[in-house]
Each structure stands twice: as structure tokens, then as C-alpha cells.
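The structure under discussion appears below in the form of C-alpha cells.
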Amino acid sequence: MSATLASPLRALLRLGLIPQIVIGIALGVGVAIVWPDAATSVALLGQVFISALKAVAPILVFLLVMTAIANHRRGQPTHIRGVLLLYVVGTLCAALVAVLASFIFPTSLVIDAPQASGEPPGGIAEILRNLLLNVVDNPVNALLNANFVGILAWAMGLGMMLRGASETTLVVLNAFSDAVSSIVQLVIRCAPLGIFGLVAGTLADTGLNALLDYAHLLAVIVGCMLFVALVTNPLIVFLATRRNPYPLVFACLRGSAITAFFTRSSAANIPVNMELCKRLDLHPDTYSISIPLGATINMAGAAVTISVITLAATHTLGIGVDFATALLLCVVASLAACGVSGVAGGSLLLIPMAASLFGISPDVAMQVVAIGFVISVVQDATETALNSSTDVLFTAAACRARR
């Protein structure tokens, strides 16, 4: 009997990670439908998986960045400027797509939702101030709180100071970096179990009925994100590399977007993205910096969410929006999206700031935010999948760009 069970198990283990994840998703849906009580219990697997990823991500980023910079020698190629340019262009284009889609498919909301909890930021100045303070955070505090801006700053500073270190010191640094990378690989191997728990728990807790009331709004948001992922981003990559972008696009969606969709955390997906960059044979000096930086500032999905929900509010209230103001919203949404990682509640709590451009009162804006929280199960998951997979996509595009 045990031999009979062992044979399918061995066959399952021989499958690649992506097929295993697909099986985990299917099993999660099945358990949630057939046995909801059990689905609530296995949600613990998902919580453990996310906690493990979040636990290993800060120390991984710190050691990889410090080691990469300490080992860097003059003349070695890096593409950080190119990656940053692609991040900015990608976020602006995503906001523009969202604005155009909102004009083509206007959405009306029933603003009768309960007040959302949380305190929105006062404006872009406050967001930039918070980012600046994060840069000079205490290094221990940055590691404890997963402040990746602060972690990057300290890792880059220490890495530059260690460039003149002895060979023995560099060997020790590389050994620590390799050890943490090995732990990350073990955690990622548990992704099918973790995603099985996340899918089962989410469907058992929320179901899909709550989403049906706001199906049109959700369709516009998800449609924009799919358009950005499958049309806009490939066009940007083609212009950068002059090659067919779709093999790279689909590799990033398979390797990054699936796990990001279910973890709903760009920070938790950093180890997954690092491993994907390694498989794509990208330069470690580039991706060890660009991936954690992208998890903080590359937020195309957030720009889509802010733009679509803000314009849905203006349409509901009968506020006319001219083209110039719409372009201003694109810029504001893009800048605000860069600060999403430092705001509790993410992109949704940045909506009042964007809504203030159109004279919408904070009370009404927070009711709109409450609607956003209703659809956040799908909206936040799709947003994170787009954000995180784009980090790898643009890093790869910059590394492969023709010069």
C-alpha cells in the first residue's frame, strides 16, 4: 500500500514548481467548495509560507546587495540607471492606460459604504518625507521592520566601504550570502503547499459574492492591469531590447506573478524574484539592487488602482475631468504609487490624496476607499502580481538592452 502511495508522490515531486503550484491552486479551490471548515484550518499553511518569505527577505536583500557591491570591480557592467528609467516609464504608462480606460468605460459607484479605517497621507510631500526618513533608518530597525529602502541604503554603504577589504572577508561575505540563498530555495520549494493554504483559506473566508456588487469596477481595474502586463510592458521591453518580448514576459508572469498573486506582498516575493533573475542569468550586481528597489518604488498596479477608483468617484459625483487634469492625475498617481510600500493599506489609502485634485471631500473619498477594500481580495492580488513581475521584466530588459 505504501509503495502504491509513494509512486504518485514521487511523480508529483518530479514535476516542476509551476505545475505543482497549479495543482495546489486546484486543490485549494476544491477543498474550499467541498469542505469549507477544513479550508479554514489549512489556511495556516499559507500564513506560515508568507511569514517565512517575509522573514528571509530582509536579510537576503541586505547580504546580497552588500556582497554584490563589495565584490564589484571597476569596469564590470551594471544597468541600474536603465532599470530605474524603465520603472518610471512603466508606472506612468500604467497610469495613462487606467485614465484612458476610465474614460472609455466609466464606472458609477453606490457611495453608501461604511467609513474605511486608516489615516491617509497628507500629500506627496509627506510621502517623499517618509521615504527620506526610511533611508536614514537605524539598520537594525530597518531589518526588523522590513524597511527595504533603509536596508538598501545600509547595504550599499557597507558594500562600498568593504570594497577594499581582504580576500578572506569577501569569502566570508559570499559564504553567508550563499547560505541565505539556500534557505530561500528551501522556502520557495514549499510554495505549492503555501498557495494551497492561501487559496483554500481566502475562498472559505470571503467567497465571491462580495465581489459581484462591484463587478464593473473590478473588471476595469483587472482589465487595465492585464493590458499593461500583456501589451504596454511588452511594448516597452521591445523598444528597449529590439527583440520579441513575449518569451521574457511569459517567463516573468509564470515565475513571479503567480506566487505574488497569492502572497499579495511584493516584499514576500523578493526571494522568488531573486531566484528567477538567477535562472534568467541576469547580472547579480544589477538584480540584487533593482529587485528590492522595485518592490518599493515600481508600482504600476498601484497607479492603475489609484487612477481608476479616483475617476470612478468623479464620474459618480458628476465632476467633469478635462484632459489636462487627467494627465496631472497620471503624474500624481505615479508619484503616489512610489510611496505605496510606506503606507499602511497600500494604494487604497492614497486615493483621498488623488481625489483632492477634483475637490472631493475626505469623507466621500474614504467611502470610496471602503469600496476598494471590498474588492481588495482580487484587486490587491492582481496589483501585486503586476508590480512584482514587472520588477523582473524591466531588470531583464535593462540587462539585455541594445546600446
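Backbone N, Cα and C atoms are what each Cβ position is placed from, and that goes for glycine too.
Proximity of distant same-chain residues to the transmembrane segment (15-35), defined by a Cβ-Cβ separation under 8 Å and at least 6 residues beyond the stretch ends, is recorded for 42, 188-189, 191-204, 254-255, 258-259, 262. Feature annotation from Swiss-Prot assigns transmembrane segment to 15-35 (among others); the stated evidence is sequence analysis.
Positions annotated as transmembrane segment by Swiss-Prot, on the basis of sequence analysis: 49-69 (among others). Within the same chain, residues 142-143, 146, 148, 151-152, 154-156, 158-160, 162-163, 170, 173-174, 176-177, 180-181, 183-184, 187, 190-191, 193-195, 197-198, 263, 265, 267-272, 274, 284-285, 288-289, 291-292 sit at least 6 positions outside the transmembrane segment (49-69) and bring their C-beta atoms closer than 8 Å to a C-beta of that stretch.
The transmembrane segment annotation in Swiss-Prot covers 85-105 (among others), and the record cites sequence analysis as its basis.
Sequence-distant contacts of the transmembrane segment (142-162) (same chain, six or more residues past either end, CB-CB distance under 8 Å): 54, 57-59, 61-70, 72, 131, 134-136, 169-170, 173, 267, 270, 289, 292-293, 295-296, 341-342. Residues annotated as transmembrane segment in Swiss-Prot: 142-162 (among others).
With a cut-off of 8 Å between Cβ atoms, the residues of this chain six or more beyond the transmembrane segment (183-203) that come close are 17, 20-21, 23-25, 27-29, 31-33, 38-40, 42-50, 52-53, 56, 60, 258-259, 262-263, 271-272, 274-275, 377. Swiss-Prot lists 183-203 (among others) with the feature transmembrane segment, giving sequence analysis as the kind of evidence.
Beyond its flanks by at least six residues, the transmembrane segment (218-238) meets 86, 89-90, 93-94, 97-98, 101-102, 105, 107, 211, 244-246, 248-249, 253, 257, 300-301, 304-305, 308-309, 312, 375, 378-379, 382-383, 385-386, 389-390, 393-394, 397 of its own chain at Cβ-Cβ distances under 8 Å. Here Swiss-Prot flags 218-238 (among others) as transmembrane segment, drawing on sequence analysis.
Beyond its flanks by at least six residues, the transmembrane segment (246-268) meets 18, 21, 25, 46, 49-50, 53-54, 57, 146, 148, 191, 194-195, 198-199, 229-230, 233-234, 237, 276, 279-280, 294-296, 341, 380-382, 384-393, 396-397, 400 of its own chain at Cβ-Cβ distances under 8 Å. Annotated transmembrane segment per Swiss-Prot: 246-268 (among others), in sequence order, evidence recorded as sequence analysis.
Sequence annotations record features per position, and here Swiss-Prot assigns transmembrane segment to 289-309 (among others). Long-range neighbours of the transmembrane segment (289-309) within the same chain, counting only residues 6 or more positions beyond its ends whose Cβ lies under 8 Å from a Cβ of the stretch, are 61, 65, 68, 79-80, 83-84, 87, 90-95, 97-99, 101-102, 107, 148-149, 151-152, 156, 217, 220-221, 224-225, 228, 233, 266-267, 269-270, 273-274, 277, 329-330, 333-334, 336-338, 340-341, 346-348, 350-351, 354, 368-369, 371-372, 379, 382-388, 390-392, 394-395, 398.
Panel annotation: around the transmembrane segment (317-337), residues 88, 91-92, 94-96, 98-99, 103, 124, 127, 299-300, 302-303, 306-307, 310-311, 347, 350, 353-354, 357-360, 364 of the same chain, lying at least six beyond its termini, place a Cβ under 8 Å from a Cβ of the stretch. The transmembrane segment annotation in Swiss-Prot covers 317-337 (among others) and is backed by sequence analysis.
Per Swiss-Prot, transmembrane segment is recorded for 362-382 (among others).
Within the chain, the transmembrane segment (85-105) has long-range Cβ neighbours (under 8 A, six or more residues past its boundaries) at 216, 220-221, 223-225, 227-228, 232-233, 236, 240, 294, 297-301, 303-308, 311-312, 315, 326-327, 329-331, 333-334, 337-338, 386, 390, 394, 397-398.
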